[in-house]
Amino acid sequence: MEPAAAAPAQRLADPTGEDRAPAAAAAAEGGRSPDSVLSAAAPSGGNGGAAREEAPCEAPPGPLPGRAGGTGRRRRRGVPQPAAGGAAPVTAAGGGANSLLLRRGRLKRNLSAAASSSSSPSSASSAAGGLPASCSASASLCTRSLDRKTLLQKHRQLLQLQPSDRDWVRHQLQRGCVHVFDRHMASSYLRPVLCTLDTTAAEVAARLLQLGHKGGGVVKVLGHGPPPAAAPAASDQTPATELGRDVEPPPSSSTVGAVRGPARAPPADLPLPGGAWTRCAPRVNPAPSDSSPGELFAGGPCSPSRAPRPASDTESFSLSPSAESVSDRLDPYSSGGGSSSSSEELEADPATVLTGPSGPPHHPVRSSQPRPPSPKTSALLQPKAPTGVDGTGLVVGEGPGDDKAVAAAAPGVPLWTPGRIRETVQKTSSPPSLYVQLHGETTRRLEADEKPLQIQNDYLFQLGFGELWRVQEEGMDSEIGCLIRFYAGKPHSTGSSERIQLSGMYNVRKGKMQLPVNRWTRRQVILCGTCLIVSSVKDSSSGKMHVLPLIGGKVEEVKKHQHCLAFSSSGPQSQTYYICFDTFTEYLRWLRQVSKVASQRISSVDLSCCSLEHLPANLFYSQDLTHLNLKQNFLRQNPSLPAARGLGELQRFTKLKSLNLSNNHLGAFPSAVCSIPTLAELNVSCNALQEVPAAVGAMQNLQTFLLDGNFLQSLPAELENMHQLSYLGLSFNEFTDIPEVLEKLTAVDKLCMAGNCMETLRLQALRRMPHIKHVDLRLNILRKLITDEVDFLQHVTQLDLRDNKLGDLDAMIFNNIEVLHCERNQLVTLNICGYFLKALYASSNELVQLDVYPVPNYLSYMDVSRNCLESVPEWVCESRKLEVLDIGHNQICELPARLFCNSSLRKLLAGHNRLARLPERLERTSVEVLDVQHNQIIELPPNLLMKADSLRFLNASANKLETLPPATLSEETSSILQELYLTNNSLTDKCVPLLTGHPRLKILHMAYNRLQSFPASKMAKLEELEEIDISGNKLKAIPTTIMNCRRMHTVIAHSNCIEVFPEVMQLPEVKCVDLSCNELSEITLPENLPPKLQELDLTGNPRLALDHKSLELLNNIRCFKIDQPSAGDASGAPAVWSHGYTEASGVKNKLCVAALSVNNFRDNREALYGVFDGDRNVEVPYLLQCTMSDILAEELQKTKNEEEYMVNTFIVMQRKLGTAGQKLGGAAVLCHIRHDPVDLGGSFTLTSANVGKCQTVLCRNGKPLSLSRSYTMSCEEERKRIKQHKAIITEDGKVNGVTESTRILGYTFLHPSVVPRPHVQSVLLTPQDEFFILGSKGLWDSLSIEEAVEAVRNVPDALAAAKKLCTLAQSYGCHDSISAVVVQLSVTEDSFCCCELSVGGSMPPPSPGIFPPSVSMVIKDRPSDGLGVPSSSSGMASEISSELSTSEMSSEVGSTASDEPPSGALSESSPAYPSEQRCMLHPVCLSNSFQRQLSSATFSSAFSDNGLDSDDEEPIEGVFSNGSRVEVEVDIHCSRAKEKERQQHLLQVPAEASDEGIVISANEDESGLSKKTDISAVGTIGRRRANGSVPPQERSHNVIEVATDAPLRKPGGYFAAPAQPDPDDQFIIPPELEEEVKEIMKHHQEQQQQQQQQQQQQQQQPPPPPQPPQAQAQAQAQAQRPFQMDHLPDCYDTPL
């Protein structure tokens, strides 16, 4: 609902004026994090200045993004490999030009390069300085941001920190950097501000206001607290060039960031408009007396002496937004075109530029010794002669003693003396302010004495960082803005209470249409909140604005004019405006939006989530308001500005009935609301209230009073005057007993005291409250109920005691109880009175005895699952109205026969018990849902399916069934069974004919039985079948009669012996077909695939060979999985680990999980696996999938401690999620295998980290060992932490109704209740470790860890094991998306590293690769790159397997191939390297063998768009002429070369060569290079990403394809088609390049002749002695040197 607003004329700014640029930028910002722009850098003091001078004169300082010294665009790089000395290598920016692909702008996947080149040339980069010496310094510049919306922002500049700035920060832990969005600058900079923990918000704001529109670089504002004792003197003598980096190239114009003054306390005064001064009343601190990190959100001052440290559970406090405000706070039109400033913005924070006088600068007289601070300075601040810190926050000297105050000043830089500040303050209409924004939501103005750096550090500690130096490094990353951001001045996007929805310039006419006087004129029209605003003159910045209230009015179509609407207001003085729109689209948009506004009630106003500090003036235009929503703001009772309206003005609304002030961080009860006698509903939840005043008794008409989420311990006795109060919310406070005043509130019928601190419940207090019927005491710490000889409590009908610590519960005293909740306690016995009992919830206890007396005749729902019951109580069978009975997960051995005779029973859940059989002789039963899975049932009752004529659902999986009972004894049947789950039994072929007795069967799961055939005649009768799963049997074929099942949409038959491809492609409705792990050799496809087919899985069929036509047809499927070509066998040594993964969609066929599998992470010595679960969102899992490996690689270079690098990886990932993580979230688990970093020759270490419900289980000696932990409200420490943060836990156990997990990635708007800090556990791998499993939430909700380990322990293939887990979970009742990764281990006693990894080691010899004979991959070095390149151990090792057509080859080469320079030449012409000694763990990595490694160009980009695929690219004509396809996996990181050999053996490329990393050239030679299958090379076409992860189903066009001759068919080969030469298969040369190409070809022919001569000379020589096989392969590769286009000019650098 939009606010009723009418803006006065003077409050509307010109949309085209100067205020529009920052307004639009702030609106586009939306809390998003602008990514770092990485470009080539030179060492400080080197050619950085030259790079700056090369920038255009009209541009701000710094080179173009991605350029250095005139070089072309660069791709993003990963973390630079540290050199021997620990410093990152810095490559000089060499000359070079872009390739043809880059010149044509078709490198669309590398969005970072495109964004850099298209952005304003004023973007600053790091070219002026040097790359940081440590890897941690460059981490923020090397990884990508997942905030893709940042690309849409215009006029956004980013000033980056130089190495000198970072060194200054690292010099002391008291220093840091905050990134401030400087609204005062015309180009809207995100400016880094270097400061200390003592720097106040007033100082920072005033310094930025001082710079104003002049621009500037990095600003340094030093605080005035006591300096550290160990601070070196040199740190204060920083040169001017390091203190500030101005936008102008000449150094003389650089601005000093700050001038140090003496230590003193922060000011408490603020200058007010007109130059007046007043004492600013600080806001009441809602937190406890000790300063806590939570004060950053509550507005409390931070102690300057408190050192930053990790926030403990008892100290941290911050309020979370309510769950209902998640969806209503987004306003995409806020501060859009024509946005106006709000009243409080113009009154409190105008964008006035702070300028100094025009006279010469005044330099104070220096003295040899500084004067100590005056004790009076911290107590008082005189307005006439301010010292130390001016009211504007500018740092000044105090007099002659300030020697060090100006020591860092550069010559020619004016200093701000007290005299100049007073003169400036008189010109300033309001004090400068600094604002803080969390998670892109509401923005709070910081008090003058608050410390921005302290606030930022406390926030990062709350996230989970444990070390101050790491918090310091994280604060220097600009991407932190998506989590916490500072603004200099109130941002327009959050400041406007009249939210702009639509605006534009249209033809407007006022009055009646028939009057000829009113002609059409072009005017600015704005739909703002609930008002239509029309400018009176053409230039909307001048003249008055006409405001037309729309609530109660009407909007009508004008038929006489095209695209014309008539807007009319209500009331006797209604006016009408006719607006003619330019297009029909705009016409419809305005019609729909205004129609909604006009239909609203004029008495209701919604101003929630508007960052209001005081009530806007237009709110008081109408005194007839009845409903006012002001939640999620920062309203104050007494604003500091005199013209502002505080909460005291609310009493002017004499008709107000409903007022919502929740989540306003008030700290004290707003006493003004007690003067509103008409108020019937008041919500002051989550305001850190510690007491309720006695004046509330005056609100005698109040009916609903919400006080949840505060610090209340008592209530005033005056509440008894609220005779009409019917609902009082006291949940999540600090009550230890029931307040006595409730005894007199006779209209209150529900006691809401969940989440308090009650340990005992005195029933005597409830006896004195006969009006209470519903008692809610969940989430307390109740241990016992004290009766005190109380009679029966007949008035209590509903009792909720969930999540307490009760051991026994005797509820017989509640003789009229109807609903009892006692889940998740520690109950052993439970006694209940059953007279009126209707529902019993007692799951997740330890019950062995359950007594209900008398028999509950009204009981309809009973849940006693997950207890220790050994039998079903007798009284259950006598309960005649029982409809749902859940007795699962107990120890019940037998079900009584009378239970099935209950005519009311509809649903019986008895799974996970010890049932050996069901009652033999069943009478007719009304059960519709019967679940008896996970028992020991050998056979079902013979008459079960005949008597249960109402049965629709039967799940008997995981039993010992060998046959099925018949459904009928005749041909006719009355069965209505629709879903039948019989997975994991011992059923044989004999039971298949019995299935025909269920003609209405829709879902049939018979996986993992003993089926050998499925008769065709029986399949033909199941015409209604929609889903069938017959995996894990011994079937050799699927009957052709499956074509009769016209409604079939899912066919799952993996892990069989199927040899013939079934007729599933004839099914019109088929969507998913899984035939993996079979023995298919060929497939038969129709001319046209089924229109709805989305997934086809053919992996694990080693004999399958596809021809080109079939492959071309199958590539049109959204998710087509097939085995990858084998990666050449490197050494024949057994692998230590191999993996298989699978995933399945959940409801609505939506895949919300993702997997990550990197077998050769970080140079083949490590492995990385992960599973990510987004619950119901798709975005977060895929963002985690493509980024976490990069982050982990960077963190490994910063620390070697297992827990620390894993924790930091998850926390940094929280930042990398960007705006996607503000509203969405996802669970994650990562497993990292590596050697001990200290002892590389030692055993392997497996480190697992998880958040959410994704978990890891290790099988050791056949027993499960859990390596994960699920953090929910059932965890005692988590429950305590959440309750301290006053988050609201809903009845389903979710934080603010959003998520059950209290530790999870994303959901940053729930901070600090929900944090990303993971659980980390490390184990040393031993020969007894067989495998480990990573699974998503759906897997572990359906399978226990013991069952999962037992199920796959004897499955030899990792892929088949993962498939089995997924199938079992689905058959056991999982409806969520599932992902499972199984990693098999082969750790032996001698599993230690014996590789010679020294610098003087030798390179391994080459060997045959995977490429076809007519294709060779030539990796060229990039001498023109000035960026530090990522090492092969940068953690981005992965598997590249994706697909695109030949016409799209050109756009994919640049994006999927790595731009990392190789360790050695990969072409067959590269010199032979001597053999290197390797251990079995690290086999020899051959130069032509394929080693999967991530392309840093693809996944290290800051703006990589995961949504782009090859269909988005434009084909380049002239590259290929035929349409043949051959899948090629690019070998880019196979060699581990030593530094000395790298310099010797790299390909020699001319300096003018393009930076294109891969050249694919055709070769006429054919050689029968053998290919061997790798056990871990189970992949997909269109499903595997370059990091080995599983991409979304839509992204299925990522494989690099080359036009070439097809390989000959071999056993186990990939294709079955012979070579098909095409006469048109030739290179097409553009006419303008013919002459140049001729010269190149001529030069090439000369080289070939020279090579032939050399070969002839070698043949004349005597034959050499016999060579080993590897040397022979190397010589053969040398002889088959392909045509390398190394010497092509830049314009002809297209991969051919």
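Glycine residues also receive a Cβ, built from the backbone N, Cα and C atoms like all the rest.
As annotated by Swiss-Prot, region 'Disordered' applies to 1-97 (among others).
According to Swiss-Prot, the region 'Disordered' annotation covers 222-398 (among others).
Under the heading compositional bias 'Polar residues', Swiss-Prot lists 313-325.
Annotated phosphoserine per Swiss-Prot: Ser378, in sequence order, evidence recorded as similarity to another entry.
Secondary structure counts, DSSP: the domain 'PH' (499-599) has 15 helix, 44 strand, 42 coil. As annotated by Swiss-Prot, domain 'PH' applies to 499-599, with the evidence given as sequence analysis.
Taken from Swiss-Prot, the feature repeat 'LRR 1' applies to 601-622. When pLDDT is averaged over the repeat 'LRR 1' (601-622), the result is 83.
Positions annotated as repeat 'LRR 2' by Swiss-Prot: 624-645.
Look at Swiss-Prot and you will find 655-676 tagged as repeat 'LRR 3'.
Residues 680, 685, 700-717, 752-759, 762, 765-766, 768-769, 771-772, 776, 1283, 1286-1289 of the same chain lie 6+ residues outside the repeat 'LRR 6' (724-746) yet bring a C-beta within less than 8 angstroms of a C-beta in it. Annotation source Swiss-Prot lists repeat 'LRR 6' at 724-746.
Per Swiss-Prot, the feature repeat 'LRR 8' maps to 858-879. Same-chain residues lying 6 or more positions outside the repeat 'LRR 8' (858-879) and placing a CB less than 8 Å from one of its CB atoms are 818, 823, 834, 836-848, 850-852, 885-896, 898-899, 901-902, 904, 909.
For the repeat 'LRR 9' (881-902), the residues of the chain that approach it from at least six positions outside its boundaries are 843, 857-872, 874, 908-923, 925-927, 931, judged by C-beta separation under 8 angstroms. Feature annotation from Swiss-Prot assigns repeat 'LRR 9' to 881-902.
What Swiss-Prot lists as repeat 'LRR 12' is 950-971.
Annotation source Swiss-Prot lists repeat 'LRR 13' at 976-996.
Within its own chain, the repeat 'LRR 14' (1000-1021) is flanked in space by residues 957, 975-989, 992-993, 1027-1042, 1044-1045, 1047, 1052, 1364, 1367-1368, 1370-1371, which lie at least six positions past its ends and keep a Cβ under 8 Å from the stretch. According to Swiss-Prot, the repeat 'LRR 14' annotation covers 1000-1021.
If you look at the repeat 'LRR 15' (1024-1045), the same-chain residues 6 or more away from its ends with a CB under 8 A from one of its CBs are 983, 999-1017, 1051-1060, 1062-1064, 1066-1067, 1069, 1074, 1363-1364, 1367, 1370-1371. The feature repeat 'LRR 15' is assigned by Swiss-Prot to 1024-1045.
Distant neighbours of the repeat 'LRR 16' (1047-1068): 1002, 1007, 1023-1040, 1074-1086, 1089-1093, 1097, 1100, 1360, 1363-1364, 1367; these residues of the same chain sit at least 6 beyond its ends, with a Cβ under 8 Å from one of its Cβ atoms. As annotated by Swiss-Prot, repeat 'LRR 16' applies to 1047-1068.
Helix, strand and coil content of the repeat 'LRR 9' (881-902), in residues and according to DSSP, is 4 helix, 3 strand, 15 coil.
Around the Cβ of Gly1174 (Mn(2+) 1 binding site), 28 further Cβ atoms fall within 10 Å across all displayed protein chains. In the shown protein chains, 30 other C-beta atoms lie within 10 A of the C-beta of Asp1173 (Mn(2+) 1 binding site). Secondary structure of the repeat 'LRR 12' (950-971), assigned with DSSP and counted as helix (H, G, I), strand (E, B) and coil, comes to 0 helix, 3 strand, 19 coil.
DSSP assigns Asp1173 (Mn(2+) 1 binding site) to a strand. Residue counts of the repeat 'LRR 14' (1000-1021) by helix, strand and coil are 5 helix, 3 strand, 14 coil (DSSP-based).
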